[in-house]
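Going by TrEMBL, these are the annotated features:
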- I75, E123, D149: S-adenosyl-L-methionine binding site (BINDING)
- 80-280: domain 'Ribosomal RNA adenine methylase transferase N-terminal' (DOMAIN)
- 1-20: signal peptide (SIGNAL)
Amino acid sequence: MWVPGVGLLSRLMLSALTRAGRFCILKSGAVRLMDVPAGNRRGLSDYYPHLMPSVGFGKSSSRVYRCRSETKRYITSPRVAETLVRILRGKRKSCQLFLECNPGPGILTRALLESGAKVVALESDETFIPHLKSLGKKVNGRLEVVYCDFFKLDPRSRGILTPPVMTSDMLFQYLGIEAQPWSKGAPLKAIGILPPKNERSALWKLLHDLYSCTSIYKYGRLELNLFITEKECRKIMANPQNPGLYQALSVLCQIACGIKLLHTESLEQNLCFIQLTPHRNLFTGTLTPFNYDVFFHMLRQCFMKRNAKLIDHLHSLSPIDAMHILKQIKKNKDVKVIDMYPEDFQHLFETIECSKDDNYKWLYDDFMEDVII
């Protein structure tokens, strides 16, 4: 049983973007620290830091961080907010805890509070903070407003951090939230909209954090409820029946989480409201927070040539006899990467990791870099 945050080592992430170079062999488990119902709606408008309750979503050209302008979306329609609260809360009257990411004008914040929930509003634009704090005057301490950007928690390039950028430890310690064993339920729910311009990199970072039990997942199996574009939603839910969309991201998301499409909003591009709940049994087998990056590498290597036969990839992934591996996972020699379902890839990884035929399990490119793509 894994307890998030206890005794986990700080590790570099392995990339599958290999380049020409010599290969080295690592022993098993070793990691090298390198030299839904749809409600079609419209209402997207340019959004600046003032209230516009008549539309569904708003866009804001936010503050400039690291010399780069960022655009954020906010929920600005009471109708949309009430729909989300009805989906997330149902008929519950208990005081559930929600982390609301970049609430902006606080339309959803107000709806959550009116439902009896407790809300921690993580807002990255100081313009909204006074108004958000004013919402908490009559709710008996059920609203906490923090100047913080949820999607920039635990940046990979550390140094001196200044709000809204901070570590999850700083945030959770301030809120008095303690780490929960992975076997327990979600300690809280997070709700937000993925940043439009770096949606994909945000998803990759969340996956790295989840599989390594670091950042927010150091505190347990946090449930994420996020608006993402329909394009990315279709990718993370794809399988061999959708070969054009199926990719490493699809496999990693489905192995790690239960994924539910809860709602859609039709704007200039469709937005899907999805729920990502980490599986309780994610780390009960061979896959662990200590070897997850080997799993990432295997998938990225395979999907670099998705139409190739799996056996061709196995020769560059492992020194173990490829036909022997295929026999163990009950696949024929002509099976292609895009024919493999997520559970098939997990079985492949476990088979190689547990192999007793060789002292060495995996091959690595000597020039792989520590990057998240």
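Glycine too: its Cβ is placed from the backbone N, Cα and C atoms.
Just so you know, TrEMBL annotations never went through curation; they're auto-generated.
Here the domain 'Ribosomal RNA adenine methylase transferase N-terminal' (80-280) returns a mean pLDDT of 94 for the predicted model. Packing around E123 (S-adenosyl-L-methionine binding site) is summarised by its Cβ count: 25 other Cβ atoms lie within 10 angstroms of its Cβ, all protein chains included.
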